[in-house]
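Below are the features listed in Swiss-Prot for this protein:
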ACT_SITE  63  active site
CARBOHYD  158  N-linked glycosylation site
CARBOHYD  183  N-linked glycosylation site
CARBOHYD  333  N-linked glycosylation site
SIGNAL    1-22  signal peptide
């Protein structure tokens, strides 16, 4: 199936020699708990542990923190529990890579060891200072039981070390504390700072009252003393804003990224909404005089775009100076039970790193897996000009598909068969997908069944459903869904349908889909990255070489596979696992 390790590059061999006997001191001493008899054998099978998505060998991870590039290495820090597969005992674990795909774990970089973080080291960001030195801003918990939150700073102990293995915390920590009237238990996750007019600026997520989420704005002349501005950069009645992110964009359609301190006419403000556990963003204007952010869409704060319409949270972007791109990282939690996670001995993965840029329309971001992922592609098959009749499905054979990358261009010849969109659903894509799942026949509905068993008892559907235009001159409405309701026969799984509308004109009948299939995760990109959906699934039958791939048509019009190419994916170096 092609899951062997890639031949080690010279830089990997060198690093392994440097770190011999040092890596995974924490990990290797821990073992998964004995699986209770109530846990299905398939759940603890190593064949459900992802093959090419980021994760440590064992235990719990959540938010990606402080990604940066330094002296030839990409660094990723992440929230990690060194003692088990549930949240708790959080430290900043640390991994390095030279391609964002092959990773080697170092010792944790930041642990609770000063008064202002003695009860927890929570999320934060990295900033590269003018002399090239990185600095980390992060949230510390400094009181027991109540999660009282302050902001701290850390610097490399030895800036000449390209691996940044040791970090020190100045005695002047904390650098920002909640003031009277602020909710000290909802004050966290400082952003990458940006520099202009002699001042550094950063944002910290917060909550005012019961409902107003906000991005507190802080300024500093020396990156040491931080003062809160009189007003936040932006706020809205949405609930607590976690993990804010703020960055400039190139002109619409330009794929290059910008360093966070480079001024621009367009910006993205993103927050992770604590109430829904989804990541939302708006595109807008940053007024540098008033120091306020204004979304282009006045209703954008309440009808916001999402990076991903599936299981994707606590994301962080960074500017990659090597390839001049902005890269998005995000966390995908498990959709099984805590009992299952303890039995497995691990929980949580990160999405494949994505390049992000502004769509030519200027209204939304486009996202695409970084090009380095293609190095993992192995054996492939291609299908062209294959017609799938209504009610039929076509199996893609000739390769293993439980760890695969699939790109397909599809064409529907009968858009007049599309159903009318029931206005009762409004703009609620998720509810619409729940009512019009993959097995609901009629109209125009087509896509992929992935991680499917031979008899289709198990299958995860990634598909499009097209609806008639809402009015004269309007374009057809395209819904993209991931439907895992039949993904597994195992009990006690959370199997929600995920969905988002795709802002594309399908009047020509053409649309594309890419799905990254990786054992227990399906990460999909519709219409060139306009709509993205990540879903966690746990097949009990469609595992390993018993997993199959199909193109299906449950509509009333012919579907043509204009071109499909699928690759088996090799296993990269993944933190020693």
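Glycine residues also receive a Cβ, built from the backbone N, Cα and C atoms like all the rest.
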Using residue 158 (N-linked glycosylation site) as the reference point, find which of the recorded positions 63, 183, 333 has the shortest Cα-to-Cα distance to it.
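The smallest Cα gap between residue 158 (N-linked glycosylation site) and any of the recorded positions is with 63.
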Hey, of the glycosylation sites listed (183, 333), which one tops the CB count within 10 A?
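Neighbour-count leader: 333.
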Give the helix, strand or coil assignment DSSP yields for residue 158 (N-linked glycosylation site).
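Its secondary structure by DSSP: coil.
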Taking the Cα atoms as reference points, how far is residue 333 (N-linked glycosylation site) from residue 63 (active site) in Å?
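On Cα coordinates alone, these residues lie 10 Å apart.
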How many Å lie between the Cα of the residue listed as 'active site' and the Cα of residue 183 (N-linked glycosylation site)?
22
What's the number of neighbouring CB atoms sitting within 10 A of the CB on residue 63 (active site)?
27
Among all protein chains shown, how many Cβ atoms are found within 10 Å of the Cβ of residue 158 (N-linked glycosylation site), not counting that one?
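Around the Cβ of residue 158 (N-linked glycosylation site), 12 other Cβ atoms lie within 10 Å.
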